[in-house]
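Marked as signal peptide by TrEMBL: 1-24. Feature annotation from TrEMBL assigns active site to His58, Glu105, His109.
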Amino acid sequence: MTSLALVVLLCLGCGLMSSSFVLASPHMWSKLILTQHWPSTFCSMEHCDPKYDYWTLHGLWPDKGQECNSSWHFNVTLIQDLLPDMQKWWPDLITPASSEFWQYEWQKHGTCAAKAESLNSQHKYFGKVLELYHTLDLDGVMKKFNIVPSETYYAFDHIEGIILNFYSVKPKIQCIHPKGGKVQILGQIEICFNSDFQLANCEHSETDTLRLTDFLNVKGTEFSVCDHATPVYYPPLKGKPSM
């Protein structure tokens with residue numbers, strides 16, 4: 001084989017490898033994080049009226065990328081049929097009558113999730129979030145195993161163990177940590193999916209933190225990974241007796 005023929009074959013091989021790589025990488029993310037928060041915890045810090053005594057949606061977040069298409073604006077008219085479900089299960093805890101929260105989630109996370117064909121419209125994205133939320137039924141699972149809002153503290157490992165054993169994947173559970181360190185307040189739970197919407201382990205480090213400044217510019221509070229050794233307070237809705 002001549003040197004020229006060898007070079008041509010090598011170039012063709014490189015081209016095929018490059019094409020295969022592009023075809024195998026339809027989007028930049030590999031995991032989706034379905035995030036739910038406990039309204040009583042959020043509103044105890046942000047002085048809103050929680051009203052809801054069940055876990056509500058925060059969002060569905062790809063593990064890579066934010067604000068992937070600033071020109072793809074949120075349009076509430078495209079999801080009119082989903083609004084009754086969204087108002088109930090994905091409410092804006094600060095301004096319930098507003099669609100600003102959904103707009104924020106779409107611009108920051110939905111436009112990145114939309115790199116997958118299965119999520120490449122606002123209706124597909126918001127519809128899939130609701131579908132995953134109802135399929136998981138996190139609130140129902142916790143009640144089933146008697147993890148309910150209470151003035152009695154829980155061991156963190158007990159809460160994590162219930163979720164891990166039921167779904168067979170590791171969640172990320174986040175708390176608010178008041179000064180003093182004697183108790184932590186249950187605030188947010190993340191459960192992860194792969195790109196085929198199959199459950200997957202959530203990866204995290206002990207220093208993972210979500211500042212509530214990321215939530216519509218709310219200031220002064222943050223969720224971080226719960227500490228295994230600190231008792232967990234799961235606060236009841238104000239005015240509703242603990243179970």
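Cβ coordinates come from backbone N, Cα and C, glycine included.
Whatever TrEMBL says is automated annotation, not expert-curated.
Locations of recorded TrEMBL features on the structure.
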{"residue": "His58", "record": "active site", "CB count, 10 Å": "23"}
{"residue": "Glu105", "record": "active site", "CB count, 10 Å": "24"}
{"residue": "His109", "record": "active site", "CB count, 10 Å": "24"}
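His109 (active site) sits 11 Å from His58 (active site), taking the Cα positions as reference.
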